Each structure stands twice: as structure tokens, then as C-alpha cells.
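Worksheet for the structure shown next.
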Amino acid sequence: MVPQQKTSPMPFHRYEPFAPVDLPDRTWPSKSITEAPRWLSTDLRDGNQALIEPMDSARKHEIFQLLVRMGYKEIEVGFPSASQTDFDFVRSLIEDDLIPDDVQISVLTQAREDLIERTVQSLVGARRATVHLYNATAPTFRRVVFRVDREACKNIAVEGTRHVMRFAEQYLGETEYFGYEYSPEIFVDTELDFALQVCEAVMDVWQPGPGREIILNLPATVERATPNVYADQIEWMSRNLTRREHVVLSVHPHNDRGTGVASAELAVMAGADRVEGCLFGHGERTGNVCLVTLGMNLFSQGVDPEIDFSDIDEIRRTVEHCTQLPVAPRHPYGGDLVYTAFSGSHQDAIKKGFTDLDARAAEAGKQVEDYPWDVPYLPIDPKDVGRNYEAVIRVNSQSGKGGVSYVMQRDHSLDLPRRLQIEFSQVIQSFMDAEGGEFPAERIWEIFSETYLAERGPVAVLAHRSSTSEDGTYTIEADARVNGEIRELKGTGNGPISAFGDALADVDVKVRVIDYVEHSMGEDGNARAAAYVEAEIDGRTVWGVGIHSSITTASLKAVCSAIGRA
Ligand SMILES: CC(=O)SCCNC(=O)CCNC(=O)[C@H](O)C(C)(C)COP(=O)(O)OP(=O)(O)OC[C@H]1O[C@@H](n2cnc3c(N)ncnc32)[C@H](O)[C@@H]1OP(=O)(O)O
Ligand SMILES: CC(C)C(=O)C(=O)O
Ligand SMILES: [Mg+2]
């Protein structure tokens, strides 16, 4: 019988399901995103207001410079009426001429006359600037926070917009471009017809038209529904707004249900032109939508995010330093572990994937960097965001031969034959059972050296000479240490290994070679060679390995290594 789940003791009866939107002819499900939306970073406002310790001026400057370097053109730089520090930061950006000509800063304010005046004053001297005004429009906020009806709530937005325009005229005569953004806060909980009414009333005051856009930002201030509901709300607004061509429809998803990224993406499919968020998802409570994830999701589909993520670790370090909060190791695209495989089957597929990619690129006469990426378990090439392949495969008790042999190949240019891979990974597993934890690449090499390369068997070759007769017989003479005694051995065969095997019979060592593989360990002529011998010795089948600049010496060492292992 299938086990039956039981009713939980959770008080779920206290919560209401979200009402769906009546939009049977919705079009967003069959859309796809083919270009980057306009981005606004609110790291310095929504991100900053949610920090345990808000950023000081130096940290704010650091984040601002990072955002500019990455390519963000719209940056919300603060809430200047909140404090002298916020005000002074905006002033320093303007007075020290730190805002590039093609970057538009914006500042947020409540719809209160005194706060609006102070906010506009903070922008005096800016070349381009936007004032962003918000007031909550949702029923609970009308009842609880403002204690007003719909009409009075709408008037807060309308009057606020008038104040913004009046103060802008008074203080910002020199500003080349003055923009306006309005947000009906908690849009997702606001009745759609009322959200539309407020936005229309605001537009009636601002009078958008050619060359005079308005940004209408529809925030999921608290994410409460599945992303499809947000998409429906955005499509409904997009269809019903008048003057749509002059409206920049913006979304501002928070991440309370953990679906901020999906909400933003579906909202763009539903008609949003612009997305507000923060790097690595900082912001109130569970954060704003993560701009890194959104941008990189586009990149991974072959769409230019129009933002430079090519040094993801520098971005992460700066954000961690400025916010004083860590980025989770599994955070998409930027976390420490997101390009790392520990488990055997993943490692095996990744190793094969790299080999296949190299081969297909070579066959097509292309550099791997220019060849379409298609490696199992890795959605993007870690190198595209400045990561190297070192962290791609890490070895612990969940790893198999693929991971271990990948490390040997990557770090030591040793291409272990398949059966040696199996044998060596069992050696590693036995050490792991005893020692536990993760095995770094250096420990793997240490064990490999001790197991296969250390000269600790009964036979060691000190010097050798060889010749080949006309009939192809190969003769070897070797000075060897056998059980501590120096001996001169001589044998013949069809090559160095069979001749050496023949010579060893004189000292009662019986070696039957089953397999032999050799390869050069580099491209240049001086590269060393690796030789691998699989041999049956005293009834046991083992592998031996030899590394030397001479391939003959490497193969004799490999035979001695196998004897030592047996
Ligand atoms: C969803 C968001 O992230 S919105 C942005 C939130 N960010 C911040 O609040 C950070 C900066 N804020 C601040 O520093 C302060 O709130 C200030 C300086 C702006 C205002 O401080 P105070 O004057 O002490 O007011 P307070 O913060 O308590 O705000 C509550 C008052 O503002 C009113 N109010 C709140 N939001 C708005 C708004 N958007 N428009 C108009 N009035 C508003 C409330 O109704 C309340 O009025 P009441 O005192 O008459 O009941
Ligand atoms: C001020 C607004 C846009 C906001 O941050 C929100 O509603 O989440
Ligand atoms: Mg917000």
C-alpha cells in the first residue's frame, strides 16, 4: 500500500488562497524573452534599507562604481529624505561628477510634501535624474496605514505627483532630463481596477507623451501568489493602460515565496519593459529579485543581458563586502559550489562532456571558447563568468573513477587507462573510508605517488642499455637492484617490456603483461612520458605506472611499479 500522508498540525486555516485573475485569453504563456529588459538596480535603496548595517558612504560608492562598470544605466541611489547620510551620498555623486552621462540615477520618496521637496533638492545639479514616488494602494494599507477610502488614496498619488513636478520646476532648471516613476505599492494586493485608476490619475497629471515617458512600476512588494498570477496582473495592466506607448511598464518582484525570478521572467513575457532588483537578491525580507540570476538566465539562452557578469567573483566579493552579508554557496551562477560536482555519475558525464566538446570543436576547426556549449550538468561554461575548471570536480565519498581521473588529467596530464581508473578510484575510496571528508587534488596526487610512483618494490632499474638486431629482436641489459642486491639482468623480446620481463625470469620474478599504454605528458619535445602496465604477477593483476623523460625508462619503471604493487 502507498503510505498515506497525515493532516499536519500547522494552522493553515488562517491563510487565504490568492484569487486568480480572470484573463482567459492571456498571451504570455506562449511568449519567450528575446532581449534584455531595461534594468534598474535598487541595491543602494531597497537593498540598503534591508541591511543589518546600512552601507556607509565608502561602501555605497563601491557598489555604485561596480554597478556602473557592469553596465547598469538606471540606478536607484537612495532615499535622500531618510537621513543626512542618504542625502549627502546623492550630493557627493553629483558634486564630485561621478555619474557617467549615460547613467540615470533615481531617488525614492513617500508622497509627502516636505519629503518630496527634500528629495528634489538632493538632485540639484544632476544631468539626468528620476524621482520615484510611492504610496500604498492595497485595501489593508488603505484601512490600516492611511485610514482612507479609495478616492483619498488616489489623491495621495495625484498630489504627490503635482509636488514632484512643482519642486522639479523650482529646483531642477539645469537638469537635462528629468524623469518620473510612480509605484502603487503592494500592487499585487491592490484591486486591478483601482491600480489602473490610480496610475491613470497620475498620468493625467504627468502628461506622458513623445519624449516624456512615465515609469509605472507595479511591485510585488510581498510575493503572495504563484508567478503566473503576477504575469496575468501585468498583462491585464499592459492591455488596459492608456498611453501605453509612453509608459515604461516596470516590475519590482520580491521573493517571499522563493519565486521572484520566475515572477520577473513571466512578467516580462506578459509585457513588462523594465525590471527592478538587486545583485544577489538583497532587499527587504527574502530580498528583491536577483539581478545576477535574471541576467545570467538570459545569457544561458543566448540572449545578451547587456550587463557584464564576466568576473562573477569580483561582483560577489564587492557585494559581500558592502552588504556585510554572505552569498550562499548554492546561489545561482555566483555561489561557490554552483559549478562543482562531487557525485560520481555527474563527474563521469562532465569529464566525458569536456572530451567530447574539445573533439567537436577541433573537428569544426574552432576554438572551444567559440564553440556552442553543451556539457552535461553545467548550464554554462564556468569560464564565461571568470571561474576556472579547478572547482568543477571535487572528490569525496560520493565520487567515482570519473572524478578522480579528471583531477589526474587536469592537474598532472595523466590520462589513466580505464581499468587503472577503476583500480585507483578504489584505492582512493579505501583512504576515504579511513579518513573521511573531501579529498583535495593535492591529497589525490600524494596517494597516487605513494601507490604507483614510489620506488619501494623488490626491483628497481638503475641503468639500462638496449639494442635491436636485424630480425627485430630487442635486447636489454639492465643494472637493477633486486631485493637490495645490485644485479645485471639481460633479456630479449619484441620490445623493452617483453625483454625486461624475460630478464626478470633470471631473478625468479614472473611477469605476464596484459596491457600497456603510454603517452606524452605535454606538447613540446621535452615533455615527459607516462607508461602504464597492467600485469599478472604471482596470480594478481595489478597496474604499475612510470614517468620519465625517456619512454623506455618510463615503461621499465611501470613494470617495477606493478611488481611493487603485487
Ligand atoms: C516597500 C518599500 O520598500 S517602501 C520604502 C521604505 N523605505 C523606507 O522607509 C526607508 C526610509 N524611510 C525613512 O527613513 C522614514 O520612514 C522617513 C524619514 C521617510 C519618514 O519618517 P517619519 O516621518 O517618521 O514617518 P514613518 O516612517 O513613521 O512613516 C509613517 C507615516 O508616513 C505615512 N506614509 C507611509 N508611506 C507613505 C507614502 N508612501 N506616502 C505618504 N505617506 C506615507 C504613514 O501613513 C504614516 O503617517 P502617520 O504618521 O500620519 O500615520
Ligand atoms: C517602493 C516600492 C517600489 C517597493 O520597494 C516595493 O513595493 O517593494
Ligand atoms: Mg521593494
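Cβ coordinates are placed from backbone N, Cα and C, and glycine is handled just like the others.
In the predicted model, the domain 'Pyruvate carboxyltransferase' (37-313) has a mean pLDDT of 98. Under the heading domain 'Pyruvate carboxyltransferase', TrEMBL lists 37-313.
Feature annotation from TrEMBL assigns Mg(2+) binding site to Asp46, His252, His254, Asn288. DSSP classifies Asn288 (Mg(2+) binding site) as strand under the three-state reduction. Applying an 8 A CB threshold to same-chain residues 6+ apart, the list for Asn288 (Mg(2+) binding site) reads Thr42, Asp46, Gly47, His252, Pro253, His254, Asn255, Gly260, Glu276, Gly277, Cys278, Gly281, His282.
Sequence annotations record features per position, and here TrEMBL assigns region 'Regulatory domain' to 455-566.
When Cβ neighbours within 10 Å are tallied across all protein chains shown, the highest count among the binding-site residues His252, His254 belongs to His252. Secondary structure of the region 'Regulatory domain' (455-566) per DSSP, as helix, strand and coil residue counts: 27 helix, 56 strand, 29 coil.
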